[in-house]
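Q: Following this message is one structure expressed as structure tokens.
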Amino acid sequence: MVRPCPSVGPRGRLRAWPGARELAPSLRARPARCRRLLPRGGAAPAGGGAEAGPGGGPGCAGGAAVKAGDMTDNIPLQPVRQKKRMDSRPRAGCSEWLRCCGGGEPRPRTVWLGHPEKRDQRYPRNVINNQKYNFFTFLPGVLFNQFKYFFNLYFLLLACSQFVPEMRLGALYTYWVPLGFVLAVTIIREAVEEIRCYTRDKEVNAQVYSRLTARGTVKVKSSSIQVGDLIIVEKNQRVPADMIFLRTSEKNGSCFLRTDQLDGETDWKLRLPVACTQRLPTAADLLQIRSYVYAEEPNIDIHNFVGTFTREDSDPPISESLSIENALWAGTVTASGTVVGVVLYTGRELRSVMNTSNPRSKIGLFDLEVNCLTKILFGALVVVSLVMVALQHFAGRWYLQILRFLLLFSNIIPISLRVNLDMGKIVYSWVIRRDSKIPGTVVRSSTIPEQLGRISYLLTDKTGTLTQNEMVFKRLHLGTVAYGLDSMDEVQSHIFSIYTQQPQDPPAQKGSAPTTKVRRTMSSRVHEAVKAIALCHNVTPVYESNGVTDQAEAEKQYEDSCRVYQASSPDEVALVQWTESVGLTLVGRDQSSVQLRTPGDQILNFTILQLFPFTYESKRMGIIVRDESTGEITFYMKGADVVMAGIVQYNDWLEEECGNMAREGLRVLVVAKKSLAEEQYQDFEARYVQAKLSVHDRSLKVATVIESLEMEMELLCLTGVEDQLQADVRPTLETLRNAGIKVTNRGEAHLELNAFRRKHDCALVISGDSLEVCLKYYEYEFMELACQCPAVVCCRCAPTQKAQIVRLLQERTGRLTCAVGDGGNDVSMIQESDCGVGVEGKEGKQASLAADFSITQFRHLGRLLMVHGRNSYKRSAALSQFVIHRSLCISAMQAVFSSVFYFASVPLYQGFLIIGYSTIYTMFPVFSLVLDKDVKSEVAMLYPELYKDLLKGRPLSYKTFLIWVLISIYQGSTIMYGALLLFESEFVHIVAISFTSLILTELLMVALTIQSWHWLMTVAELLSLACYIASLVFLHEFIDVYFIATLSFLWKVSVITLVSCLPLYVLKYLRRRFSPPSYSKLTS
């Protein structure tokens, strides 16, 4: 038998699989269609395999509709020699974190209840601190982060050089004011963020809780809580530290937690207190017993916990195993009752703190391209300076002349470029948030809006992202018969007949005896299946007051109108609601019993002996119950078909029917049972309790004991639950495909995604185990095949696999990726992608909070990319080119001026002229380009092919950069030579003519570039011109006021401006006439 595939641990952590290396040679030797790992028992995965959702909810169907191996028969597979690392970013584990903070290596701990002074090691204070700086490190830290980049440091050295008399070229403020403005904006932004963090942290640390002491209950701040304290947490109050659940005020002996702030999941989680402490008469008795908790070392795993509780003053001493069901993590909120817990971890050792890492700071491709162009400009600056000195034949102190020319031509590198682009990003983010057609959209990362305009690969989750995450029961399959929505009344009649039939049936007619026997057999089969579904789950009915009946009365009478179901998975709620609709209602549940109500209002009582919750590793859940009326012990189990196929007895219909239901888009679960004798259960319980008390390898030992029961179980039925697509998912996917974006689905296979196969029948569907083998041994071939397909569907994909595929796409193709998800298991994929989009769904907000952009529905993604992404990229490209053009123009004029005057390092413009040129005179018109657009948003949505043009990066490329450099050189040279030729007597007239022509040329160039005028653009143009005219009165130091009022000045400026701009207007007209861009055909 082939060993099982690498198992996936909780939340997608991969467990090492020793058999992979031995299996590799045999995989390479087999034909391509045979290269896939088989699940337990050697059975091939069913065609519609389903992965159980949290708490045993079903996975999606259709996973193996197209097997990966069948699509690679003609592709030579070669094993990858170099093993890729799983994560490109270093992850600081617990030990590294504590070592950095001086806490030493993390160790397991023994915590005595109510005695924090009895500690065997030093624990951190329970203080939450999310600030990057403190009062003393703020200014040095911000300045360091700014000047660690070359170009910021360059401008700092440039400004500092003006303190040296030999290198001074003008007033100090001409260099320090622009640099100071940039730094001031950054410092203010950082200060505001730090103040917000400080305020939030102070509010959390100052929250007051009740602590049990020998003197009674005392109030204590959250920051003063210590390890070993007994803390009382009221309903709807935040848990202040990681604790073990000791007592609750709830009658059923359990409580619910809201964990959406920890793991992003909105469903409530059931937590159980330590049985020994729950039985104590009062909470004060916790201080009278001698007991302690032995806990594992601090780690980041929020879904597992290993520890033991020991009471020493009893005879014999009592020991209980502790697991995640007994843990209350900091940041969660109690949703029911008052709880008492003992503090285990505080401060930086909290699970929530250790899982809060600064995500990778994403730098957009556009910013990298701009940085590259800026480096080219720096090279040009050095070359021009060297040329100027070389033309002087390196005479005198030539090295000092090089430095002076570097300062003189420093405008080649525009210091305002970074500020303009950052302000543009803020505008784009504001426009996205204000778009009424995508309400609720949030921009959490305002540094990469241009990324949205260049996405080549889209990776999306399915459940909750493409679907509504609202489960509807659609199919019950018993092997020989299947019941759909139109035949559920038959199921109801079978259940009704079981519980209402008379003890002695009337004698049947001779000819009808076989029919009666068949009917009775079918009724019993339906009854067993429905009862198994009604018992095998983790759903708890909760009764609330409805205004007519209070909560206590509703719970006592099992009032239907007051009952709501709470569970960790919507799949389970859908199953329990269906059993209620056919007559078997879940009316009560606590940690030790379950109550069902029959169609005849009879209450069936079952004792819960053991509960085996769902895990991502096992892909199944189970429960052992005892029927109190008969004493029978039954083990029920449900799970994904890939694991249940090797557990149930042999049958010839499971795989085929799973495939059929999967192809209908249903999420499939396999339900089975096994009757246990009393002796058999007692033996199992003894081994199970012993395994749960283990501190080392507990999960492995517990799984081994449970698997001893999972053999030859009776297959009862298959359930099919449908999770319908959200509105406009198919049109959105079609739009994205027409825009040149390839889609990879990271959930489970879904029938609707086959819409991509209309034109090219080559969609790739691959299951998680096959994907694991491909990524490990055939990485290159798999990525080559995936990139050729218009759509790829990965079934039952682990979170680490999602992130790995994103990384491989980035490395293999060099293209931008966008990941979309709505659950906590999508965070790794979202953070790894170039642009992460979170959908606020029913699975919580963890994905939304971790993403760069947050939307409320998947269909909003189309407008986010086609309209806002496209506009942001094109606008930033135009803005950056104009800022560079503005700087190169004045630098070209300076070069001409220095060349004419014997290569002297004398500035053409000084003082306020050089500052005003890049600020009040031209800043507003140039920045108004962030409002420009080539087509209306409706046209961009109607013709997604316009988006495809941007994938080649043509709006900002080396070609366009070279064109703008040539334009700048032409215009700067024309203006300078024109001023030199037309001036008559005084040098100050050259300054007046050239500077005025330069301002007018820049304003006209902006007007030439604008494609759709906004009223703010007109205001910016007129306001800038008015500011320049008004400021001439105060610029008598640089400009002759009397000369600018003459007719001679006006005609000279007009001629120079016309010569510098008219040829460009002509060229633009000819280009649009004979080679129009694609969008111009639509605007006409």
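Cβ coordinates come from backbone N, Cα and C, glycine included.
Keep in mind that this is a model prediction, so the values were computed, not measured.
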Q: Pick from 398-417, 778-797: which range does TrEMBL record as transmembrane segment?
A: 398-417
Q: Kindly say whether the transmembrane segment (961-981) and the transmembrane segment (398-417) touch, using the definition of 3 or more Cβ pairs under 8 Å where each pair is 6 or more positions apart.
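A: Counting Cβ pairs under 8 Å (6 or more apart in sequence), the transmembrane segment (961-981) does not reach the transmembrane segment (398-417), since there are fewer than 3.
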Q: Do at least three C-beta pairs under 8 angstroms join the transmembrane segment (883-903) to the transmembrane segment (1041-1067), pairs 6 or more apart in sequence?
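A: As far as Cβ distances go (cut-off 8 Å, pairs 6 or more apart), the transmembrane segment (883-903) and the transmembrane segment (1041-1067) do not touch.
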Q: Look at each of the recorded positions, D461, D822, D826, and point out the one with the fewest other Cβ atoms around it within 10 Å.
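A: Ranked by other Cβ atoms within 10 Å, the recorded positions D461, D822, D826 bottom out at D461.
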Q: Over the span of the domain 'P-type ATPase C-terminal' (849-1076), how high is the average pLDDT in this prediction?
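A: Summing pLDDT over the domain 'P-type ATPase C-terminal' (849-1076) and dividing by its length gives 88.
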Q: Counting Cβ atoms within 10 Å of each candidate's own Cβ, which of the binding-site residues R667, K802 comes out highest?
A: R667
Q: Tally every other Cβ atom lying within 10 Å of the Cβ atom of T463 (ATP binding site).
A: 27
Q: Quick one: DSSP breakdown of the domain 'P-type ATPase N-terminal' (116-176) into helix, strand and coil?
A: 31 helix, 0 strand, 30 coil
Q: What else in the chain is close to the transmembrane segment (987-1008), if you only count residues 6 or more beyond its ends and a Cβ gap under 8 Å?
A: 882, 885-886, 889-890, 893, 908-909, 913, 917, 921-922, 925-926, 928-929, 971, 975-976, 978-980, 1021, 1024-1025, 1028, 1038-1040, 1043-1044, 1049, 1052-1053, 1056-1057, 1060-1061, 1064-1065, 1068
Q: Show me the subset of F614, R667, D826 whose Cα is within 10 Å of D461 (active site, 4-aspartylphosphate intermediate); these are the binding-site residues I mean.
A: D826
Q: If we check Cα distances from D822 (Mg(2+) binding site), which of the binding-site residues T463, R667, K802 wins as closest?
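A: In terms of Cα distance, D822 (Mg(2+) binding site) lies closest to T463.
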